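Lifted from TrEMBL, the feature list:
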- B:276-296: transmembrane segment (TRANSMEM)
- B:347-366: transmembrane segment (TRANSMEM)
- B:373-396: transmembrane segment (TRANSMEM)
- B:445-469: transmembrane segment (TRANSMEM)
- B:475-499: transmembrane segment (TRANSMEM)
Amino acid sequence: MEDEQSFSDICGGRLALQRRYYSPSCREFCLSCPRISFRSLTAVTCTVWLAAYGLFTLCENSMILSAAIFITLLGLLGYLHFVKIDQETLLIIDSLGIQMTSSYASGKESTTFIEMGKVKDVVINEAIYMQKVIYYLCILLKDPVDPQGISQVVPLFQFTGWAVGLQRDSSQRGAVRPELLPLRPHPCRLDPLVVGERLQMQQP
Amino acid sequence: MVLKAFFPTCCASADSGLLVGRWVPEQSSAVVLAVVHFPFIPIQVKELLAQVQQAGRVGLAVLGTWCHRRQEPEESLGHFLEGLGAIFSHEPWLQLCREPGSKLWSCKATRWQAPPGPAAPGEDQIMLIFYDQRKVLLSQLHPPAVLLDRQAGDAPASVGDLAAVFDTVARSEPLFQSDRFGEGPVRLSHWQSEGVEASILVELAKWAAGPVCLLLASLLSLISAASACRVFRLWPLSFIWSKLSTCEQLRRRLEQLTLIFSTQKARSPAQLMRKANTLVSVLLDVTLGLLLLSWLHRKDRIGQLADALIPVADHVAEELQDLLQWLMGAPAGLKMNRALDQVLGRFFLYHIHLWISYIHLMAPFIEHILWHVGLSACLGLTVALSILSDTIALLTFHIYCFYVYGARLYCLKICGLSSLWRLFRGKKWNVLRQRVDSCSYDLDQLFIGTLLFTMLVFLLPTTALYYLVFTLLRLLVVTVQGLIHLLADLINSLPLYSLGLRLCRPYRLAAGVKFRVLEREAGRPLRLLMQINPLPYSRVLNTYRLPSCGCHPQHSWGSLCRKLFFGELIYPWRQRGDKQD
């Protein structure tokens, strides 16, 4: 079973949300942003090369041109392989865990799996980004020492859902301070990013 | 709760039989380890399981039946398999079945007694998770899941689901020792059933390692005993040892070799990895050193080097002399205090003169010294690098001396100026209270103090200029030495074995697992494929980096600048706390 909806992210870009129901105990949410556009690629390349030609006419050194070619190629490769994320997938398996996969434009995939036993709760967090308040989903992990405490806040759909912004290093407790709203009774006023309906998960 | 059945992929093509594995009641997951084939005698199967249970301290049981329908529907087999549940009673009783279509799997879990919960007795919801037994057995989870002390008996119940799966597979290794060519009473199907994986070379190496390690360990203990002799602890010698980085490197190398050839068995995987990393780094180091040695000894390069060394030292001294002459004139158009300038300049020139005569005295022996020192490269490239660093330190000793003189003079002036400035304002430093107090001075004291202050202020630029120039020279030498030490540290601390393992066998170092949903048909159980998620390279480096000898800079940039401004001595990064002052 599969359905698809489109949303816009906090910067106004288009996002497509796919929901797949494999079985009652396993479902997948897949958020994908548009692929790299031909127009922006051309614009960046032309800018770099025009600048290189400008320098070349000034200095008359052909090293500049070859350097520009290398910079463009390496920059594109690095951008596709390390920066540009096309798709982020959240696979939720009942009584097993939550798996987050982000696939880069070059095909590289980085996966993190969080066991259900470590998940304390899934909440919607509020944070101030630039001059507005944004909402995002995050997983709270249990502290192995103190069962009431939270050891880590793992944001979901970090790259496609809400454009970068927040500190990624939230490993220390209290690094992300805003109020943690429990997900279930919260009214649905999260226009920019409504990821599925309520994610119902039974804690083991 | 959903019932999870972990099933090894290697058993997917096995014939029908019994499923053997472990039932984890907390997570309601069944970890299937092997398939027992027909014909078998139930007592023998139970005996085998008891043996494995004793060896690996893990509770194994017959979990259910496995039915692989090849071509024709075997109705009789189905009834027979159901009947087996009565012999091996287990709660719940799994019935896995694979249809000839190869993609159609069915799974049933029957509970004989009603569970305490509200759920109806009978069948549960089931999820099939396939795993690669070999990879799961060989991989090592990071971070290690709770301390798996084997003496504690049963597997710890508090660890996570996946850690329990990994632990179960690792503990039931004795089960995988029998292959299908063996004459055992029970025929099993698992990842090694086609033949036990082993290598003759590895077995030979294991066999030979014991006596070799014993021999080398005794030799090394002899060497370390000799180096701990009291003669070397006497004052001048111990001072020299502490200053030379070569000695430190040699001590380090001795420690590394002792670690490698220690006859004790590594107790934990981390220790084993550390041993292997040290071995590989020492091997690489020695190989590079030997390459350097062969390069040096070919075509009489040592002679050329020795011939080149004296002119270089001469050249450096000449440049320094020129610099001093320039400073004694009007450097960069600045007008210095002529008398002080001349005194300082002559003092330093005399020093350079002394240095040159010393070098020329050494000239005939340099080639022999270099030849003997070059031999030490067979101990490793790092030793050769530390010798190079020490040589640089010795050859630029005059620069160091200039720097110290300049710094001391400058420091004295700064101190004098600061205390006279307080006097100028009618205050003084109270040593007992560690603060500045006001104080009433006599007229004479004020007059003398102000006079001295004025003189010091006017003499300061000359001293500051000398200090600045020699500090820059000193910083250059320190930077070169620091780079050499960084290189040596890199060779010493890089975990090459772990990196190679991550590159060639990514599943050996696991950060966790990842799941993939396999194709599913309506009405059939969900099938997942569990794969090993390899550790990222950065975490491999962080986890397995060998302890380095503390080459990280002691000062932050701010404190370095502060020290430079106040004329306190700075030492190379390498220096330890005890040599600070």
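Including glycine, each Cβ sits where the backbone N, Cα and C put it.
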For the transmembrane segment (B:276-296) and the transmembrane segment (B:445-469), does the number of C-beta pairs under 8 Å, pairs 6 or more apart in sequence, reach 3 or more? no
As a test: from B:347-366, B:445-469, B:475-499, pick the stretch that has the greatest number of Cβ pairs under 8 Å with the transmembrane segment (B:373-396). B:475-499
List, by number or range, the same-chain residues at least 6 past the transmembrane segment (B:347-366) whose CB is under 8 A from its CB atoms? 306, 309-310, 313-314, 317, 320-321, 324, 397-398, 401-402, 405, 466
